[in-house]
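According to TrEMBL, the protein carries these features:
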{"type": "DOMAIN", "residues": "6-68", "note": "domain 'Endoplasmic reticulum vesicle transporter N-terminal'"}
{"type": "TRANSMEM", "residues": "6-25", "note": "transmembrane segment"}
{"type": "DOMAIN", "residues": "135-208", "note": "domain 'Endoplasmic reticulum vesicle transporter C-terminal'"}
Amino acid sequence: SSDNSVSLIAFTTIAFLTIMEFTVYRDTWMKYEYEVDKDFTSKLRINIDITVAMRCQYVGADVLDLAETMVASADGLIYEPVMFDLSPQQKEWQRVLQLIQSRLQEEHSLQDVIFKSAFKSASTALPPREDNSLQSPDACRIHGHLYVNKVAGNFHITVGKAIPHPRGHAHLAALVSHDSYNFSHRIDHLSFGELIPGIINPLDGTEKIASD
């Protein structure tokens, strides 16, 4: 009887250890590596998804770097007329994202959990609007990507479309009425490099409402 008990305990222990080893084998481990970028000739990719509470014909986005090189917005950015107010489903997505951002500031290790769960769950992108609203779009969603030189520069969204200028660069702001100005904006995504599923970037979910 004692031999049977010992055998049962041994087989149970072996089975438990086998299951644990298999679980560890199936798990994903995060490994971070950093190194100096020595490739000065290649371009840096910037991924953007920003909504501004102005009509698309009134705003322009571009990049101007220290080398006085302007990256035209038409290269990789899409101007999409949308409603600035989110649908109920989108508001819930934004609320959850902002909650995660507040938790990440306290517990940085949660990023690993979010990254690993991204391969098993739905996309972290803003869900599309489902309601069939008849209201005219009052905002502009600027999304897509740009490739910029690896030097200091300035990405900006401002009033008026960008135009080339012999002495630099300018925007056609004079053609836009001041009554149309509204720089309330929402950043749904802003990252650098190739897109990686599950990564929540520091500015994702940020919303700022202009006071006047």
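Cβ atoms are placed via backbone N, Cα and C, with glycine included.
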PLDDT averaged over the residues of the domain 'Endoplasmic reticulum vesicle transporter C-terminal' (135-208): 83
Helix, strand and coil totals (DSSP H, G, I; E, B; other) for the domain 'Endoplasmic reticulum vesicle transporter N-terminal' (6-68): 24 helix, 16 strand, 23 coil
